[in-house]
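Colleague: Take this structure first; my questions come after.
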Amino acid sequence: MIDTPKKKNIFGYTLSELSESITPKFRAQQIYKWLYIEYKIDFESMSNLPKHLREELSQKYSAQNLEILKCEQSRDGSKKYLFRTHDGHTFESVLIQMRDKQRDANGKIVSSEKWTICLSSQIGCKVGCAFCFTAKGGFYRNLEAGEIVEQVVQIKRDNAIPPHKRVNIVYMGMGEPLDNFENVTKAIRILSEKDGLSISARRQTISTSGIAPRIKKLGMLDLGVQLAISLHAVDDTLRSRLIPMNKAYNIAQVLDEVRDFPVDARKRVMFEYLMIKDLNDSLKEAKKLLSLLDGIRAKVNLILFNPHEGSEFLRPSEERAKAFADFLTQKGLLCTIRESKGLDISAACGQLREKEKLQHVSYET
Ligand code: SAH
Ligand code: SF4
């Protein structure tokens, strides 16, 4: 059961914030270890803390603020989680597991596992993209920093992922991360704490539909976080139809901010391009995309539209996507086609929640 909402979410504190309220300071480091390395949720079991501190922590904080309502496992190994918050909202996160080839100490190729966790940043979304299932449900509230961090902790615990295994984070679940700027940037910091989960900002990617001034603000923080832009169209007319916010911040404005964004010398900005049948999937668009991204250290990730009930768009063929990708690659622009991980488990963002909502309307407050 989730703990009472009156208690504070312990996952919402950076190490220095926690050290300010707990004396002596090294106790905060010990608590961090119990939470993020041992995955403990009950303060009573934190055996190297004095009894009075354990009691104080139990009264003041909670390490279980989200409840796993549902978990769907896909045949390809990815898992979709539906969480419920203390105030009865639901949202989802996905664990994507990939086989990765790595070399052992003798140079022999061995297969290893690579995990990526796709996090939600809001309950619903205000941006209202025409193709997105999340948009249909409207907007309820921002997720707190602690709720963002707790998704990672709960998923790591539920899958017994060893604490020091490499995990990448993508903010590509429900919501627009840059519309919840303070909480998302705080979560990035907490996730990267060396004494905690130690997921460096370089392994965290923010995907945004293009709130230009917030891209600037994020760049100025210089956290080292990776940037992904949901571009989806090469002309403003179509982009405004797909992403209404394009009327406020058009393609040129978004690209200007991307040019100024601090990108690690070995990294590139990712441009997500949602391919919709007969709308933006021809070589004419591929050519335009190439010229738009000229001069930007970019890579393109093609996403085949994932149809959902009531959607007006169609999914293009794989051949069409391959031709688009081949064209860009031949011209020297790095391009990949997103693997449809978990297509059999309500893959598109927001779909699991919508399914659940239709069945149990009472989950929403
Ligand atoms: N709000 C942010 C991040 C969450 S959406 C953004 O828009 O970038 C994450 C990705 O899922 C976006 O690239 C979005 O375009 C994509 N997406 C949304 N609905 C989709 C659908 N029906 N099929 C395929 N991808 C979809
Ligand atoms: Fe929001 Fe992203 Fe969905 Fe657009 S695609 S409505 S920005 S979650």
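Note: Cβ is positioned from N, Cα and C throughout, glycine not excepted.
From a predicted model like this one, the values you see are computed outputs, not experimental measurements.
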Colleague: Among Ser200, Ser207, Ser282, indicate the single residue that TrEMBL lists for the S-adenosyl-L-methionine site containing Gly175, Glu176, Ser230, Leu231, His232, Asn306.
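Modeller: According to TrEMBL, the candidate sharing the S-adenosyl-L-methionine site with Gly175, Glu176, Ser230, Leu231, His232, Asn306 is Ser207.
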Colleague: What mean pLDDT does the predicted model reach across the domain 'Radical SAM core' (111-344)?
Modeller: 95
Colleague: Return the members of Cys125, Cys129, Ser207 (the binding-site residues) with CB less than 6 angstroms from at least one atom of ligand 2, or none.
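Modeller: Checked binding-site residues vs ligand 2; flagged Cys125, Cys129.
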Colleague: When you measure from the Cβ of Cys132 ([4Fe-4S] cluster binding site), how many other Cβ atoms are you left with inside 10 Å?
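Modeller: The answer is 23 other Cβ atoms.
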Colleague: For Cys125 ([4Fe-4S] cluster binding site), which of these recorded positions sit within 10 Å, Cα to Cα: Glu92, Glu176, Ser207, His232, Asn306?
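Modeller: Of everything listed, what lies within 10 Å of Cys125 ([4Fe-4S] cluster binding site) (Cα to Cα) is Glu176.
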Colleague: Out of Cys125, Cys129, Leu231, which has the highest number of nearby Cβ atoms, where nearby means within 10 Å of its Cβ, if these are the binding-site residues?
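Modeller: Output for this query is Leu231.
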Colleague: Helix, strand or coil by DSSP: which one applies to Ser207 (S-adenosyl-L-methionine binding site)?
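Modeller: SS state of Ser207 (S-adenosyl-L-methionine binding site) = strand.
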